[in-house]
Structures are given as C-alpha cells and as structure tokens.
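The structure under discussion appears below in the form of structure tokens.
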Amino acid sequence: MRFPQGWLPTLLFLAVALPATVDKDQRREQERDPAFWNSKAKDALQAALGLQPRAYRAKNIILFLGDGMGVSTVSAARILRGQMGGADGEETQLTMDTFPYLALSKTYSVDKQVADSASTATAYHCGVKANGKTDIPMQSRVFSHVDQGPQSEGRWSSWKAEEYHMPTPRTHEEQLEWVGAAGEAGLWEQCLGRREAREDEEGPQPQLASVAAAISRSWYSDADLPSSARRQGCRDIATQLISNTDIDVILGGGRMYMTPKGTPDPEYPTSSSRRGDRKDKKNLIHLWLKNRKVLHLMYPGLITFRPWQNAEYVWHKEQFDAVNVKTTDHLMGLFEPKDMRFEIFRNSTRDPSIIEMTEKAIRILSKNPNGFFLFVEDNLCERVCNWLCLCAPSGRIDHGHHDGIAKLALTETVMFDSAVYRASQLTRESDTLTIITADHSHVFTFGGNTPRGNPIFGLAPKKADDKMPFTSILYANGPGYMHVNGTRGNVSAVDYLDEEYMQQAAVPLDSETHGGEDVAIYAKGPMAHLFHGVQEQSYIAHVMAYAACLEPYTDCLLPPAPPTSVSATPFLSVQLLPLVALLWVLST
C-alpha cells in the first residue's frame, strides 16, 4: 500500500493510536481454538457487567460529527486502519469502537426520506427536525428553492413558502435564549444550523458554517446573496460566523469568504480564483479579532465583556504551532481559501491535521473552569459556543464519497478516529461527555465474498457474471459508472490501489448520493447511557442539554462529577516502536 510524501508525521501518530498488533499467522492460529473466542466473550461480558452509568452533570461536551460516516464506512475504515499496521484488519478496534454506549440515529428529515447535511445538523444541534436543505427550524414555514431550470445554475433565484409543522419547534429567538442560558453556565450550545456541499454542485464546495440561520446553505459571503435576500436583511454565513455566537476557537478553511473582494490570498497570492470574495469590503478576520476585546451586545438581553484577552489569527501551520495555549484565549485558524485539503494530499508543513487542531482546541478551551462545548466535524469550518471551539478540520469523508473515491473517504475516517483518540487522552471521562455520530450515510458498500485480510481496496476473489473482475468496494451510484460499448470497464486494466481511483458505480451520476439508513451514535462520559436503542436524530441535542442541565432541562438535578486524578496517557509506548518502524518503511 503506497502512502504519499509528507505522511510520516501522520503515520507516527497512528502508530501511537493503534494497539500493538499480533503476527497475522499467530492470530489466525489462535482463532482456530474455540477457547480464544470464549475467552474474548467472557472478558467482554465482565466489562459489561462492571459498566456503571455516570449519573453526573457534564462539565464538558465534545461532539464529533463524521459527515457521511455510515456504518459501512466505519467498518471499512476499521479494516484499513488495521492493514495500515500490518494486520488483517477485521479484528482491529477503532477508538470509537471502545465507547461503552451505542445507539442508532434515524436521519430522515421532515420532507425527505434521504436527508442532506443541513437538515440533519438542525436535528442534532437544535433538537428538532426540519425540511431538507434548510438550516433553521421555523415555527410553521420555511423558504425553499424553486428550480428555474438549467439557467439557474443552482442559484437561489426565486422562493416559495412551504407550510409544515414540527413538534416543539424552536424559533430563532428561542434558540438564542438557549445559547444565553448555556453561556451563563459556561457551556454554550447554539442552535442555528449549517451547510454542506450541495449534491447538485460540481465537486467539493467550501464549508463555512454551522453557526448560521440561512435559507440557502450556499451563501458563503455577501457576494453569494441574491439582491432580493439582501434587501430583506439576510446575512451571509461568514458574517454570521463571527457575529451570531461568541466563538472562541474557529479552525478550518474558508479564508476567501472573510476578506474584501480582490484581496490576494496569503498562501496563493497570484491565484485570482482564491482572492477575497466580499462585496461589502469588510475584513471579517479583523472584525473578529477586534470584537474579542470590546464590550458588545451578543444576544438580546445578553451583554458580554472579556477584558483584553489574547486573540490570534493564523493561516499557516508554522503560526499555528507557535500559538501558546496558556496565553491564547481566542484562536481563528483558516488554512485554505476554500475547503481544507484531503488528508492524503495535505501538505503537513503548511496545514495542521484534524488531530492537531483538536488538541489545540481542547488545550485552549480547557482553561475555562466552567467547562466547554467542542464541535469537531470532519468536513468543515463549523461552530459552537462559549469557550467553545469549532474545530472544523481537514477531514472530508463526505466529499470523498461524493467523488466516488473510497480511499479519500476511508483515510479521512481513520484520521477522524485518531482525533477522537487524542481528545480522549486530553479529557477525563468522569466529567466530559463525548459523542461520535454521523449526519447521514452514503451508498457505499464492500463485499464480494472476500477472504480474511483481503486488501480493503483490492479485488473480490471471483469474477462477475460478465467475466470481469470487480473491487470489493462499490457504490450504488456516482461518477464511477463505467461502461464502454455496453460492457463494464475492466478494473484490472487500471491501478485500483491509486489514491484517486474511482470505484465502479451501478448508476451514473455526477456525484454519488447520501444513503438513507440509520447511523451509529457512540458515547462515553456523564449521562452517556441515555444513548440507547433506535432514536430520532433530534434526540442527540436533548441528551446534550440534559447532561449539562441546560434549557429545557435546568431541573435535571444532576450532581457535578467527583474530582479525580488521572494520569495522562503516555504518548509513545515501547511496544509500538516496531510498528512505527513498519510505518516508516511504508511511507518511503
């Protein structure tokens, strides 16, 4: 398996996160003995019998959101991670596999059987479901796009109002009241929604907001607003990112939407396509820095003042690494003009990884004695709350699947899980509720009666009925549809292990689509046991609110977690040195 140049630091971290592996032949010999499986089952049973719910108030909440990370993606990433360490892969444990509580989340939206990432974000952040492609739950109506045909080019050129009803709706004002109450408690949960790349757009699109109440999730900057929306007082997502909530840490991509039109990008100064995009001539980066130091009205009835705390903006990994977490209270890091790069193509000298961003965020936020809420999404520059950080890192599981390129998606998933591991090292399970879930799945699968240890990106052992080979991984639809003169393409004629190999698809589409099946919720920490069974996706927000005793659950009467002393997990185990050496060889 080939790894691109610059992967060594990433591989070294994965070596730390991976358990020491047993020789494959030795493992297979052990598995032939029934006593091996009986012993494993007894150990798991004893662990389950000893499991005790942590009925305490959560001081901190971390929500990891793998965009498009369905169950099949997790299973394939588990195998990939094991094979990266020289194992068969199937027996490998991801960090998320070790979380003690598990539930399934139903991802449909009010009007869609298969949801998009905007309506699902409204569900897991705000506690109510909404119409597809809408970023905020409204009392009874929402504006939606009216397709004007090919000339509209996906623009929101006209509007219609659709009536629908939702249980216990939360209006924009009610959401802000929830934020205010949370802020007084040290935890801020803001329910505004977010956007992701539209399925009808060509290629991955920039990700900028989980903090915005926007009718269109493509309103990145004011240049993207239709004139009618501007006249009605609508604001773009980037503006809302710095003004709707008092975010302390923002990490991800999207520089061009923050600066005046024509502003040269600091990393790509000669690129005209990466220059600033704003028509209002505002530099939102400067405004964000300025607002960290002045008295300002954040929400109706809520005035905050933070006296001259240290705020920094960085756009390069060298600057990011130099940030002193002990003296920095606010950090904005925008490392690309648009999307962060896929991990496989990330320049490790210029852009930090999702692991590094997660660690930096936690170290800054942990200084708050009242706790923090951290939202880490693999796909974009997101948001969160007071002393809150939004770590929108370099992972792009969803984009890899939309492109029909499984290696991109699965590599992002492995890195995402490594960020979960690092977060677990830096926090205490006794006072930190950690949740891992996905907004939706994808029409991605792997099968073909493959033998144990088959390379996850490899071929199935037998040919199909058309006498042609096929890879174990396939998509139900997408750009990988390949027929020549009525015959399916011969995958053995190309390098199907290449980083950008596009797996075959059954139905031709420019972009592969989301899947409609349930996704998993993994949880540990205070009140994590509330995640059980099959739940509506909107249930997630309610558990977070209850665990932190926030509205509407301020009467939860949960005691704070008892003080504990926990030693930090050692960064590098001597047992893992052989694995590090192996990964060094693989990276060369």
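Cβ atoms here come from the backbone N, Cα and C positions, even for glycine.
These features come from TrEMBL:
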- Ser117: active site, phosphoserine intermediate (ACT_SITE)
- Asp67, Asp398, His402, Asp439, His440, His514: Zn(2+) binding site (BINDING)
- Asp67, Glu377: Mg(2+) binding site (BINDING)
- 258-278: region 'Disordered' (REGION)
- 1-19: signal peptide (SIGNAL)
| the region 'Disordered' (258-278), counted residue by residue under DSSP: helix, strand, coil | 4 helix, 2 strand, 15 coil
| task | May I ask for the distance between the residue listed as 'active site, phosphoserine intermediate' and Asp439 (Zn(2+) binding site), taken between their Cα atoms and rounded to an integer number of Å? | result | 6
| field | Subset of binding-site residues (Asp67, His402, His440, His514) lying within 10 A of Glu377 (Mg(2+) binding site), CA to CA, in sequence order | value | Asp67
| request: Can you tell which of His402, His440, His514 has the least company, meaning the fewest other C-beta atoms within 10 angstroms of its C-beta, among these binding-site residues? | output: His514
